[in-house]
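Student: My structure is below; once you've seen it, I'll send some questions.
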Amino acid sequence: MSDLQGRKIFKVFNQDFIVDERYTVTKELGQGAYGIVCAAVNNQTSEGVAIKKVTNVFSKKILAKRALREIKLLQHFRGHRNITCLYDMDIPRPDNFNETYLYEELMECDLAAIIRSGQPLTDAHFQSFIYQILCGLKYIHSANVLHRDLKPGNLLVNADCELKICDFGLARGFSVDPEENAGYMTEYVATRWYRAPEIMLSFQSYTKAIDVWSVGCILAELLGGRPFFKGRDYVDQLNQILHILGTPNEETLSRIGSPRAQEYVRNLPFMAKKPFPTLFPNANPDALDLLDRMLAFDPSSRISVEQALEHPYLHIWHDASDEPDCPTTFNFDFEVVEDVGEMRKMILDEVYRFRQLVRTAPGAGGHGAPHAPQVPIPAGAGQGQWKAEDPRPQEYVGQMNDLEAELAGGLDQRR
């Protein structure tokens with residue numbers, strides 16, 4: 001990795017994109033705050049890959065930690081059929097580098113593009129998507145990891161309806177000990193529309209239920225064709241949730257950790273829960289029953305991933321013998337590292353070790369035989385042009401009013 005030998009330079013979004021000489025860049029796929037992505041083809045095998053250039057890795061400590069977290073978790077989960085597979089990594093200029101290249105599975109589009117394309121999807125599509133999300137999430141949770149940013153844009157889909165979870169940059173560890181758990185829950189800026197109410201309302205700790213809430217929001221979006229809780233800000237987000245789910249009971253209200261937020265909710269007029277069959281009159285009743293259990297306001301009442309996989313709505317796909325747990329839990333000890341120089345060394349070591357692994361054992365890491373549900377996506381889905389709305393909050397909340405700031409920071413704000 002000492003120089004550009006064995007690599008080629010392409011222009012992607014007007015930036016230099018340095019790739020292994022075996023590959024030719026074929027298409028620009030996207031760009032965002034954390035980097036740019038293109039499609040490429042292996043000139044020897046004709047297989048396609050997605051190459052992600054993570055930029056400005058060390059411009060902020062939070063970005064360096066995010067890159068390290070993503071690299072480690074993609075390796076840990078490598079091979080599960082519903083989690084994006086990491087094929088290779090590269091740091092072309094390791095001396096004082098500020099960018100890292102990740103070679104991953106190439107997928108057709110993300111679920112957000114499919115939903116927003118307006119193409120008709122059937123109940124069979126919904127079952128397939130939710131089942132695959134839950135299979136991937138079961139594997140993630142069994143490693144004591146919370147994804148914390150599940151949303152349609154982080155679910156990659158192929159034309160044959162194969163779905164894979166991506167983007168682990170906001171993931172954190174989970175412990176049954178609330179005090180130990182709380183230590184990992186910092187710098188949380190996950191997407192507002194899919195964010196569980198207990199996070200905004202500062203319940204004592206987070207649990208795996210926060211990811212289940214996000215899956216419920218995704219199911220509702222599939223059923224309705226648009227985001228279910230589309231808050232303009234955090235106060236509006238909370239209001240929209242309460243408007244649909246109704247006023248929480250006293251036991252739940254008493255667990256709201258933020259006094260200001262608790263007072264706000266108590267001072268609202270009583271709201272009755274809106275029946276899901278009224279909101280989604282054409283939906284499968286089993287889908288609405290699962291949705292109701294996923295969107296339980298109180299996380300202690302929310303259905304678990306394991307229970308959801310056994311729900312009647314998913315019986316056509318459910319096979320306990322083909323829904324594996326991760327063999328090992330994930331070690332989050334690196335999270336305590338705060339020195340950027342140390343993180344730079346850790347990322348370099350991770351990339352070097354992984355390159356050695358894939359060059360000596362290319363097939364390492366498989367878990368479970370691929371079996372993508374064969375429900376084709378309608379032609380044209382994901383092909384249309386649409387302007388994505390970004391509900392992600394700012395990294396700071398200093399210009400918000402007091403209640404908005406508390407809801408944005410949630411439990412993290414109190415640490």
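All residue numbers here begin at 1 and follow the chain in the order shown.
Cβ coordinates are placed from backbone N, Cα and C, and glycine is handled just like the others.
Sequence annotations record features per position, and here Swiss-Prot assigns ATP binding site to L29, G30, Q31, G32, A33, Y34, G35, I36, V37, K52. Residues annotated as domain 'Protein kinase' in Swiss-Prot, with sequence analysis given as evidence: 23-314. As annotated by Swiss-Prot, region 'Disordered' applies to 363-394.
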Student: Which Cβ among the binding-site residues (L29, A33, V37) has the fewest C-beta neighbours inside 10 Å?
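Tutor: Ranked by other Cβ atoms within 10 Å, the binding-site residues L29, A33, V37 bottom out at A33.
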Student: Within the same chain, and leaving aside L29, G30, Q31, G32, A33, Y34, G35, I36, V37, K52, name every residue whose CB is within 8 angstroms of the centroid of the CB atoms belonging to the recorded ATP site, in sequence order.
Tutor: K53
Student: Max Cα-Cα distance in Å among L29, G30, Q31, G32, A33, Y34, G35, I36, V37, K52, the residues listed as binding ATP?
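Tutor: The two farthest binding residues have Cα atoms 14 Å apart.
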Student: Given the model, what does the mean pLDDT over the domain 'Protein kinase' (23-314) come out as?
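Tutor: Averaged over the domain 'Protein kinase' (23-314), per-residue pLDDT gives 92.
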Student: Once the chains shown are all counted, how many other Cβ atoms turn up within 10 Å of the Cβ of G35 (ATP binding site)?
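Tutor: For G35 (ATP binding site), the count of other Cβ atoms within 10 Å is 20.
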Student: To see if you understand the setup: which same-chain residues, six or more apart in sequence, place their Cβ under 8 Å from that of Q31 (ATP binding site)?
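Tutor: Listed in sequence order, they are F13, V37.
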